[in-house]
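Peer 1: Provided herewith is a single structure, encoded as structure tokens, for subsequent inquiry.
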Amino acid sequence: MDVGGGAVAGDGASSTSSAVSQWTFTLSQRYQHFLDKSTPHVLYRWIFFATIAFIFAIRVFMVQGFYIITYALGIYIIQLLIAFLSPQVDPEVDGPTLPTRGSDEFRPFVRRLPEFKFWYSLSKAVCIAFVLTFFSAFDVPVFWPILLFYWLVLFVSTMKRQIMHMVKYKYVPFTFGKQRYGKKAPSTDERSVSKP
């Protein structure tokens, strides 16, 4: 029986793993705090994304390689873009939930992939692709114009199908150009009464 408070075998390993888990937890909390703080700053987030995408493009251009990584990133971007442009409830599968006539109840457009998650997924993907460009195992020699042609064909056909879906179910996933409901402009009767 050990009453004297001697060290238990393996105590150093458990304290080390406890310190690492505490450090990981603190780091993840700070990272989440940073993400929460960046949520309302849409323009700055997209400027950040454009910057890291530009750095990735410069890296690929300077190295003259990693076209497979770039092609895979392009396919992933198309997948995210489709989810960003699609409604959360697909009228083709779940029935017509979007208003199709003027007498239907108004329902706002809700994206399958919200803007913040779209930005976050794109940013993570570009950062991962950038890191992969430092490993020569991912630099598979290919004829890049063929990959670019495949990607363009895939992008055009996918966007055509998405636009046809938008036209068929009469929804617009963007807010610019939509009617705003807020301050009401004075009607012609109010203007004629207010004149002396």
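Even glycines carry a Cβ here, placed using N, Cα and C.
As annotated in TrEMBL:
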- 42-62: transmembrane segment (TRANSMEM)
- 68-85: transmembrane segment (TRANSMEM)
- 118-136: transmembrane segment (TRANSMEM)
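Situate these features within the shown structure.
Peer 2: Same-chain residues lying 6 or more positions outside the transmembrane segment (68-85) and placing a CB less than 8 Å from one of its CB atoms are 56, 60, 111-113, 115, 118, 121-122, 125-126, 129, 132-133, 138, 140, 142, 147, 150-151, 154-155, 158, 162, 166, 173.
Below 8 angstroms of C-beta separation, residues 35, 45-46, 48-49, 52-53, 55-56, 59-60, 63, 65-66, 69-70, 72-73, 76-77, 80, 83-84, 111 of the same chain, each at least six residues beyond the ends of the transmembrane segment (118-136), sit close to that stretch.
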